[in-house]
Every structure is written in structure tokens, then in C-alpha cells.
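Novice: One structure, pasted below without further comment.
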Amino acid sequence: MGYDEAFKNVIISSRAKLSLQDNHLVIAGNDEVAKLYIKDLHCVVLESPQITITQALLSALAESKVLVLTCDRTHAINGVFTPFLGHFANAQVAREQIAVSTESKAKLWQQIVQNKIHNQASVLQSCGYITEAVELARMCEKVEADDASNVEAKAAALYFKTLFGIGFSRKAKHKIHNALLDYGYAIVRSCVIRSVCMSGLLTWSGIKHSNQFNQFNLCDDIIEVFRPFVDRCVLGLLESRGKDGDYAVVCDLSELDSKSYLETMTKEDKRALIENLQSEAKVGEQIFPLSRAINHYVQRFKNALLYGQLLVVVCME
């Protein structure tokens, strides 16, 4: 894919005018002007509400398939600009996708859940939680077609409790952990959305997720194998803050709601979560930066979904 060589990630967090000049993104700030070659860009995050952008630049970014993310007033990612340049045989791909049997979808979901739990076990093992990692590996073997017994949820309960402490809950939106996780997941989800759009697959037609109001059900299926890459990055950020080993009590934020806490995330946190796209991932027998691994995995997933080919496993390096 043409955008596979892009490597630069840019966060624009202050007032700026963005325009196009000679195939470069021009960022004009208060007293500075920066130019970035568009072909080198992988991701641009528009964080400041005081950013203006020209239509010519948006068109050029779309043509080069650059990922453009927007943020709300709390700096949380709330949108992705998806290029309208997809697969050359979209209609045929769509017909084949809709015709896929329920049994085939159930089998693929089983493999995705197994892959996710395997990567969760890898994260725990790298942190020294050997007993819990072994338990996750055992749970992985019990996953049935369509994950009928919901092993995914049971594994997640053990995984997050081990990783972030007994008191941790993904529903506790005031926790620093969840602010970081949500931001990191949004970055990876955006990459998945872009790759799925470019593959020609219907983004709304999931193999497990089926919310009628969600146009990215399939993307939310595929992202599951990549979530542990974000978890590992977040754990590293928490450790770098110099706190003690009980990550469930990083600080007392009981008086803050989730939106106000998002505003306390540092630029370094956000940049680290975006740069996590350059961390290594193994797709089958090949090693790629995470952003490229997503591209390759989506293509292999497409072949498995439509043509019955073997779905590769994504592993953490």
C-alpha cells in the first residue's frame, strides 16, 4: 500500500494555520513556520480548537492517505478523517463480505479472541506475572466458536486486575489508567479504520460487533488483537511517572470527572501513545512497526474472511 512508508506523527496543540505548499504541510504558528513533506506523514492530530486548515491541504492529505484525527474541547480524540480512496473492486468485495456465513464469522471471532488473550498473556509475562500469564494461556485454549462462553471477558478481568491492581475498573473514567488507555485505543482504532477502508471491506459489517448505530463494527472486531500493545505502552507511562508498584492508586482523582482528567494528560503522554505505532509487532513470520502490522493484518483478515485462507497471528516482540 502506498502509505506504508509514512513514518512521521504530528500533534498540533496550539493556534496554527495549516496549508499546502509544494507537497508539504505548512504549519504557521504565532512566530514560527514549519514544513513537513506530506509523503512522510503517517498521522496528524489536530488538538487545538484554534487550528484552521485549507481544503487543498485536506485533499492532499486524503490523496496520500494520511491519518487525520480531531479532538474535542477536552483534547480527547473524537473523529477520524477517512480518505475516500478505497479498493478498486469495492462492490465485489462488499457482495462477498455480506455472503460470508455465520459459521465462518464465528470461527474468525474465536481466532481473534484467542490472539487477543495470547497477547495479554505476553504482556503479563513481560511484567513478571508468570502464574497469571499461564492461566491466561489456559483460558485461551477454552475459547469456542463465537466465544460462546465469553472467555474474553473472564480473561480481561484477570488481566486488568493483575496489570493495574485489584481495584482497577475500565468503568472508572476518572483514573489516569483509563484516560491513557482510551487515548491509545483511539489512535490504534483510527489506523484500523483507515486500513479497513482501503481494503474495500464494509466497515459497518462486523463479525461480532453489530451495533446498528456504529459504522465501524468490523474495525472494532479487528482492533481487539492490538489492544495489548496499547496496554503495554500505558503501563510503561505509569511506571515512568515514578509511582510505586500499586498502579491502581496512582493518585486520588475521585473529585474529577473523566473529561477534566483528560485535560491533565501531558503532551509527552500523548506523543508516546502516538509513537507506540512504531513499536514492533510480528504478523505471521514478519516483523513490522505496529502501524504497518495493522495494514498487513487487515489484508490477511480480508483473505481469511472472504476466501477461507488461514488467519495469521499477531504477536508482541
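Even glycines carry a Cβ here, placed using N, Cα and C.
From a predicted model like this one, the values you see are computed outputs, not experimental measurements.
Annotations per TrEMBL:
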BINDING   E152, H209, E224  Mn(2+) binding site
Novice: Identify all same-chain residues not among E152, H209, E224 whose C-beta atom falls within 8 angstroms of the centroid of the Mn(2+) site's C-beta atoms; report them in sequence order.
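Specialist: Neighbours within 8 Å of the Cβ centroid, excluding E152, H209, E224: W109, I112, V113, K116, D147, K208, D220, D221.
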Novice: Reduce the DSSP letter at E224 (Mn(2+) binding site) to three states and note it down.
Specialist: helix
